[in-house]
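Student: From TrEMBL, for reference:
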- 31-203: domain 'G-protein coupled receptors family 1 profile' (DOMAIN)
- 18-39: transmembrane segment (TRANSMEM)
- 51-75: transmembrane segment (TRANSMEM)
- 95-119: transmembrane segment (TRANSMEM)
- 131-154: transmembrane segment (TRANSMEM)
- 178-199: transmembrane segment (TRANSMEM)
- 220-241: transmembrane segment (TRANSMEM)
Amino acid sequence: MSSINVDSYKNATNQSTIYGGFIVFCIGMIGNILNITIFTSLKTFRQTSAAFYMTVTSGVNIFQLVVGLLSRIMITGYNIDPTKTSSFICKARQFTLITTMLIAFTCMCFAVIDQYLSLTSSWRHFCTVKIASRLVIIAFLVWFLHGITIFLYVDLDLSLGSNQTSCSVINAEHDKQLTTMVLVEVTVDVLITLPYIIYNHIYSNSVKFSDPISNAQDQLIIAVTRIIFYGNFAIAFYIYFCVSSRFRKQLVYVFVEIHLKRWRERTHRNGINQIVPQTPDIIQKTDDVN
């Protein structure tokens, strides 16, 4: 009877990782790609340091989902674990997971600080894309160097006027929009990270029992909280979409007024410039004239 219960928990762990993981992966890839498209298509966002941080975060999240979540689905869901046979793959996976996670969280912290500074006129001059790009480069270098230690210590056995007034109003609305988006995302990230951190802390500091059912239950809870944790790298776009009506309008504008319009213009231009092939009769008449 106990073996049946253990198998049931193991099967639930595998299935929750596979189905939950693929759902989070698909949602995250679509959301992050949409974020990058919107933030890089609108001049308003391209000239805003907070949006720059959010764009970088979306790009890093894609790496986290591809390398981290997909490999976790293969390891836990399908019992395919190349990290057990290759020391390099083991270290490279840990390096990518930790480095991209730290970069993503750092960029979100930068975005929060940036929005706080933008509220004060005396500090607002620090909120520029130029400064933001330098800070991001520094963050990449710091966390890359930090991650190198993984290759030294991690091994296979590790678990791991009117115009001026109008402009001011627009900028104020833009700052308010970004502030709301950033603060809500950070709050949600904290909430969905806590279950994974708390249970892992309890599990790592608790006395391990030889009871296979208890161990199977622990693995199921860890698998579920881990999938929820990966939501950090998947739900940013949907948070922005829900909390900001302006972002929803910008989404429609980017795809309808910019990209769809460009596609139609390109298609129309290709149709006009298309060369009509000459028939043999026309070629013969041309030769006769010449």
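Backbone N, Cα and C define each Cβ position, glycine as well.
Could you tell me the structural context for the features on the list?
Tutor: Beyond the ends of the transmembrane segment (95-119), by six or more residues, the same chain brings 49-50, 53-54, 56-57, 60-61, 63-64, 67-68, 126-127, 132, 135-136, 139-140, 143-144, 146-148, 150-151, 160, 175, 178-179, 182-183, 185-186, 189, 232-233 to within a C-beta distance below 8 angstroms of the stretch.
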Student: Per the definition of 3+ C-beta pairs under 8 A with sequence separation of 6 or more, do the transmembrane segment (18-39) and the transmembrane segment (220-241) touch?
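Tutor: Yes, since the transmembrane segment (18-39) and the transmembrane segment (220-241) share at least 3 Cβ pairs closer than 8 Å, they count as touching.
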